[in-house]
Amino acid sequence: QNPVSAMDNLQKRNLTFGTIGLLFLLSGIEYAVILPTIWRYLQVLEAPPYFLGLGLSAFSLSALLTGPLFGFWSDRSGRTKSIVLFSNLFEIAGNFMYFVGYSKWLLLCSRLVAGVGAGAGSSVFGFLTRSTRPEERAAIFAAVMACRQVGLLVGPAFNLFLRLCDFKVGPFVVNKYTSPGIFMCLLWLLLQFIVLVLYWDVPPVSSQEEGRVVLEMKGEEPREEEAPLMGPDEEPSPSYEAVGGAVKHQHRSSRSLSSSSISARRLTSAFGPQTVPHLALTSKFSSTLGSLILSSKTTKFLREEVVVLLTAQFITLFNQTALETMVTPMTQRLFGFGELANSLMYSLCGAEVILGFFLVRWLSRRVADRAVLAAGLLICCTACIWCLVFLTSPRGGYGWELAAFVVGVFLQLLGLPFVAVSQVSLFSKVTSEKTQGFSQGVRRSVGGLATILGPLWAGGLTGHLYIMLGMMLALLLMITVLTALSYRRLAEPRAAQHLQSSDSGG
């Protein structure tokens, strides 16, 4: 390959990754500027209190439904730039509808429309999986996720000047409630131009293809252990079925013919020659039906390691959103926190999470993803036990209660980046690269379902912390046990097969 073109591809790849970082940064800023104002905005529009839950859940619901569709689109087309440009149109339209806001129903529809744009995140994660090598993937994911946390951290700063807006633009009123909508509309519009200029559908990184090129330069035939990395649900790609593949196919055909002839002789001796054709037809139909079922795209999500990682995604996001729902009423009841104190607390929490993501980024280069996942789950279990012991029945004075609360929140936020990054990285390695967009869409839909159910669960139990924290701890203990039982399977297929062969050899 021409060194100049290789350098161009590397530069395009870095610029594309930077643009993806901006995409996630804007998603964090949008959440941070919309969330503090939507409740008062709904009150101005004379909406009933339950509209707050509807408005927040509408965004997650539409992202949940459209994520797999965008992922399937990117898998079939092999391109994500057009998908990002298309999905951003929904973000622009949704935020403009939020700005207009003539009625509570238009406000609700605005969050539904904007959530469609968020569904393209599955395509982006699929693109990142195909464009990164397995050993660097966790670090890239950590950096991208940290960008969203930066948006959550700096977003409240924009509200400082947005709340000062009080003027008209034609028939539209720009005030502290509507200004976040037009502000985000302009930011997403600016991102459209950035994507047009700085985003490329760079060719996927494939270690198998690199190895094949090296072998061809040496004039050697590929060895069996250098076969492409495949999950157990995939069929070998025809491009790798060169001379050796034909020989293997002949061996498999001869084995299948000999086994079928033996089976035919046994059936003839047992039932007689008249019955054999019917049994053979039934057997052929059963095998065909079985192969159709096993080749279904949904079957790969029923593998043990995939189920464990999807469960980890659901439980961690369920617990995180439940705690976010619980924190504000708790700080008001126990410590008398107002808006300023809560804003400061959220800023400190955001800073800790960002540092946590960079810690995981550094750690992922030295430690296996599954070890990072196990460490994160242990930290989350410790945090939940701490909160269950010290926050459900506060003891001591104000200072002791505040210290116990700070330690619990610190531990919970410390474990979050460990679990979030490791499970995304592992999920990308145990599922097929060819269908990463759809797979990431399913993963994000599971997370979206958790972000809908978490606040609903916690919202009615803010005065019953024993029940809420007890259920959260039970869920964490369950996924920790599942992770321990499936620990050897939580690796790349090649690494998992190597571990299993070494165990059987020992």
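Backbone N, Cα and C atoms are what each Cβ position is placed from, and that goes for glycine too.
Among the features that TrEMBL reports, transmembrane segment is placed at 15-38, 50-70, 82-99, 105-128, 140-161, 181-202, 306-323, 343-364, 371-392, 398-421, 442-459, 465-487. For 16-488, the entry in TrEMBL reads domain 'Major facilitator superfamily (MFS) profile'. Residues or ranges marked as region 'Disordered' by TrEMBL: 216-261.
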If you average the pLDDT over the domain 'Major facilitator superfamily (MFS) profile' (16-488), what number do you get?
-> 76
Among 306-323, 371-392, 442-459, the stretch with the most Cβ pairs under 8 Å to the transmembrane segment (398-421) is 371-392
So which of 50-70, 140-161, 343-364, 371-392, 442-459 is most in touch with the transmembrane segment (105-128), counting Cβ pairs under 8 Å?
-> 50-70
Proximity of the transmembrane segment (306-323) to the transmembrane segment (371-392), 3+ C-beta pairs under 8 angstroms | yes
Tertiary contacts of the transmembrane segment (181-202), as residues 6+ beyond its ends and Cβ separation under 8 Å = 9, 12-13, 15-16, 18-20, 22-23, 26, 29-30, 33-34, 78-81, 84-85, 88, 91-92, 95-101, 110, 117, 127, 131, 158, 162, 172, 174
For the transmembrane segment (442-459), distant same-chain residues with Cβ under 8 A (at least six beyond the ends) | 53, 56-57, 60-61, 63-65, 67-68, 71, 119, 121-122, 125, 301, 309-310, 313-326, 424, 427, 468, 471
